[in-house]
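K.L.:
Dumping what TrEMBL says about this protein:
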type	residues	note
BINDING	GLY162, ARG163, SER164, ILE228	NADP(+) binding site
DOMAIN	6-117	domain 'Tetrahydrofolate dehydrogenase/cyclohydrolase catalytic'
DOMAIN	136-283	domain 'Tetrahydrofolate dehydrogenase/cyclohydrolase NAD(P)-binding'
Amino acid sequence: MSGNLIDGKQVAARLRNDVAVAVKSLAVTPTLAVVLVGDDPASHVYVRNKIKFTRETGMNSVEQRLPADTSEDAVVETVRALNADPDVDGILVQLPLPDHINSNRVIAEIDPDKDVDGLTEVSAGRLLLGKSGLRPCTPTGCVILAKETLGDLTGKHCVVIGRSILVGKPTALLFLEQNCTVTIAHSRTENLSIVCRGADILIPAVGRPNMVKADWIKAGACVIDVGINRIEDASRKSGTRLVGDVDFAEAEPVAGAITPVPGGVGPMTIACLLRNTVLAACARRGLAVPDGLAI
Ligand SMILES: Nc1nc2c(c(=O)[nH]1)N[C@@H](CN(C=O)c1ccc(C(=O)N[C@@H](CCC(=O)O)C(=O)O)cc1)CN2
């Protein structure tokens, strides 16, 4: 890897190791339950990896795989049963759900103390109010990568592009929690490139391949690319490849540090999910959080 690359795979592997050490130190074995509905191939890969890493870090994995035509009520019942199971510490419902299911209703059913994705209204409220709680995984991964690169983030100007509930908004709040000065930019922001050029930390999270160009980036800035976009590439056997929201070839020479896609924020998402599962297990069971899991 070249000098300014932020190696998300390596940081994620280290975090998974910290989780494994933490799990060994606990008197109980945390359990993560995964609910997967339907046949989305990417979701199947993500869930397979979540289960694999859950087991590799010494935790129990519970799987609920439901067919694509499962009714919304049946998915809600599945979540309720997991809420009621005292052995289950964390519940995650893999997104996206099939079109006929209202994701908001399903997520709202998750017990906030088991909400290891940090997506319920209670988790969002706890984050907004600065109360302890489970934080969303991809945004937490962004903070860990930024701190790994820059150390203390106090006073840094962080520009988040995107205002989604899954990434943009919680990312902004988490960087605010780190004492950053935060700007949330989006598709209607005027002079977007100029706003971005003011960033010490730039976090595009919009899902638009190669949108951020070299002249959007302040020289030496830390760029954390949340976009994972599959584009056509006839030169590849598969006919496609993954790119971020940042035009990496243009941006890399300008940035002080930059995440690649793949191999940047993506692997952190699952590592942070495992960390959240330990945090949930400790909070539910009144145990102290083991050393090594603080951000
Ligand atoms: N319930 C949730 N659903 C979804 C989430 C989530 O956090 N919770 N995020 C995404 C999918 N996702 C995890 O679920 C996820 C996405 C990407 C990666 C990752 O490691 N990507 C690799 C590339 C993988 C590839 O080759 O396709 C990378 O960026 O290096 C992990 C997890 C939507 N749904």
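Every residue, even glycine, has its Cβ placed from backbone N, Cα and C.
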K.L.:
Just checking: which of the binding-site residues GLY162, ARG163, ILE228 have a C-beta under 6 Å from ligand 1?
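P.N.:
ILE228, by Cβ distance under 6 Å.
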K.L.:
What is the total of other Cβ atoms whose distance to the Cβ of SER164 (NADP(+) binding site) is within 10 Å?
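P.N.:
Counting Cβ neighbours of SER164 (NADP(+) binding site) within 10 Å gives 15.
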K.L.:
By a simple count, how many Cβ atoms lie within 10 Å of the Cβ of ILE228 (NADP(+) binding site), its own Cβ left out?
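P.N.:
Counting Cβ neighbours of ILE228 (NADP(+) binding site) within 10 Å gives 19.
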K.L.:
Please identify, from the binding-site residues GLY162, ARG163, the residue with the sparsest Cβ neighbourhood, meaning fewest other Cβ atoms within 10 angstroms.
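P.N.:
Least crowded of the binding-site residues GLY162, ARG163, by Cβ count within 10 Å, is ARG163.
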K.L.:
Just checking a number: largest C-alpha distance across GLY162, ARG163, SER164, ILE228 for the NADP(+) site, rounded to a whole Å.
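P.N.:
16 Å is the greatest Cα spacing among the residues binding NADP(+).
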